[in-house]
Amino acid sequence: MFYRENGQFKASYVEDQRIFKVQQDRVAIIAIVAIAALLVPMLASDYLLRALLIPFLILSLAAIGLNILVGYCGQISLGTGAFMAVGAYAAWNLGVRVPETPLLLQILAGGACATAIGVLFGIPSLRLRGLYLAVSTLAAQFFLDWAFLRIPALTNYSTSGSVSVGSLSFFGLPVESAAQKYLFCLGFVVVFAVIAKNLVRSGTGRQWMAIRDMDIAAGVIGIRPAYAKLTAFAVSSFIVGVAGALWGFVHLGAWEPLAFGLDRSFQLLFMIIIGGLGSIAGSFFGAAFIVLLPIVLTNVPELFGLPLSVDTAAHLEHVVFGALIVIFLIAEPHGLARLWSIGREKLRLWPFPY
Amino acid sequence: MNDMTQTLETPVAGRERIGGVILDLQNISLRFGGVKALTDISFDVREHEIRSIIGPNGAGKSSMLNVINGVYHPQEGRILFRGALREKMEPQVAAAQGIARTFQNIALFKGMTVLDNIMTGRNLKMKCNLFQHALFWGAAQKEEIAHRIKVEEVIDFLEIQSIRNTPVGRLPYGLQKRVELGRALAAEPELLLLDEPMAGMNVEEKQDMCRFILDVNDEYGTTIVLIEHDMGVVMDISDRVVVLDYGKKIGDGAPDEVKNNPDVIAAYLGTSH
Ligand SMILES: Nc1ncnc2c1ncn2[C@@H]1O[C@H](COP(=O)(O)OP(=O)(O)O)[C@@H](O)[C@H]1O
Ligand SMILES: [Mg+2]
């Protein structure tokens, strides 16, 4: 067994502040990113990339964004799908109206617009909590769904808000094949995962968590609740908006408002609950789980000679999600990420568990 | 501090470490609907002293602390802090002026580690912005380390090195109280408000807590307002004591004076203390 902390002493606070404190963790993460960047695009089939890995990456990104708001800052949001839509439509609008805009800029501008809208709809959080805030973000979802469907100017007068993008390129490099699209998304995910991790381990993250855990005490030590909540809404919406733009541009290619409906908002919420609230790694676990579950549900029964119809599998999916969410909320609010860290803790101290 | 002592009208006996008035509460009244939590209360706190507030449950002691650090806003009365009249303000402003506190019911950030909880106490002293935090490079990292060193001093002072990385929710009650004191100390406050820091502790834990309070007062000159039920402790460590009962002030003075005040004796005999 090679995974452990025994014998690794930190001689300075710099070392103790590293993103991944155990050396094996650092090595593992670098290895995962290297494999994801070098091996996966060579080995994975187009189907695997398009149907599984690209959605997984983009949903992980959106889940990181939502986790900052819900898991770290303790504010609930049922409007994630709508903020993704803002990112996608804003990026698309910029491309249509200023055709020369580079793809990267379009996507970041999508994030920026989502930030503005996110902060706007985050303002009620200064007064409302819990259920009331949930309802107000739900209103954001309905309003934005309606806006993209019914305000033609927002979608350049395309019928019922369905739009499409042409061929993509990133500073002269094509983003066309499955592998290219995959790498493009991977780049975003790695960069934003690092940024998110940096934020949550710094003063900003501590302010968010303080507001989440006990807002009166946070005020008493000088944290401004309005600032902490609105920065959480801003950062969260930016990442969610970027994820939305990627979902539209890279994964779908053509979409309508329904792609970012309430279902999407709930799906993302389920992801972070199952994956782990307040955990960046958990966002990945949750996304993987949600992407894989339907495939497992359609294929596993088949292996046992019990083929399920697509319909049944879809229903079963809901049942399984529902059950799991109840189980996680009751038994392990920190989700898969916690189960993982408990396992890791055991290894970490092995073989001397005292 | 010495020249300040000379300007005092009534020097407190034998305690030349004590300075001038830092906090002056004048005719404070606070109501919640029909409930009069505080009625016309006046007292002051001098620099570097340990000022205790005692009184039966429901007397309004915690409310008083909440008034001092801006959580509650009294309907009547004036508050002067460092000679300046204080307007109605939010707790963040009180924190920025150097007022820190602990709560009667522990108010730690349950999901965070001991280290992170105490680091939040440094919040007001940290200047880097969100973008610098996002990069966690250069200035942000330097700042984090500088404050971490301060926080480690607090951790050493409170002898909680071994639980540094434990989430506070998993700690026993006595240690949580200690961590909460750590979070307040990390802010390097001038005025420290402690709401029953020894409640529910065993004798040994109480002794430790007493020692910490005296050391903070002694080494850093921090002014302390202390709410405590243990009369032995109060009489031992306080410079002056205020006694509240049903939201009214019934006694104020040196521990010995207060102990022999007939109103105070009556209030305490009338309740189960
Ligand atoms: N937030 C509040 N809302 C309503 N009543 C309150 C509030 N805070 C305190 N009180 C009331 O004020 C009185 C004094 O309470 P408190 O200051 O907690 O007393 P103590 O700390 O001396 O036990 C009590 O009657 C209590 O019910
Ligand atoms: Mg009280």
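Each Cβ is built from the backbone N, Cα and C atoms, and glycine gets one as well.
Under the heading transmembrane segment, TrEMBL lists A:27-45, A:51-69, A:76-92, A:104-123, A:130-149, A:182-200, A:232-254, A:266-293, A:313-331.
In summary, the transmembrane segment (A:266-293) does not lie against the transmembrane segment (A:27-45): fewer than three C-beta pairs, each 6 or more positions apart in sequence, are under 8 Å. For the transmembrane segment (A:104-123), the most Cβ-contacting stretch among A:51-69, A:76-92, A:130-149, A:232-254 is A:232-254 (pairs under 8 Å). With a cut-off of 8 Å between Cβ atoms, the residues of this chain six or more beyond the transmembrane segment (A:130-149) that come close are 75-79, 81-83, 85-86, 89, 117, 121, 124, 155, 160-161, 257, 260-262, 265. Counting same-chain residues at least six beyond the ends of the transmembrane segment (A:232-254), those with a Cβ under 8 angstroms from any Cβ of the stretch are 54-55, 58-59, 61-62, 64-66, 68-69, 72-73, 75, 77, 80, 83-92, 103, 106-108, 110-115, 117-119, 121-122, 125, 162-165, 168, 175, 181, 184-185, 188, 192, 196, 199, 208, 211, 260.
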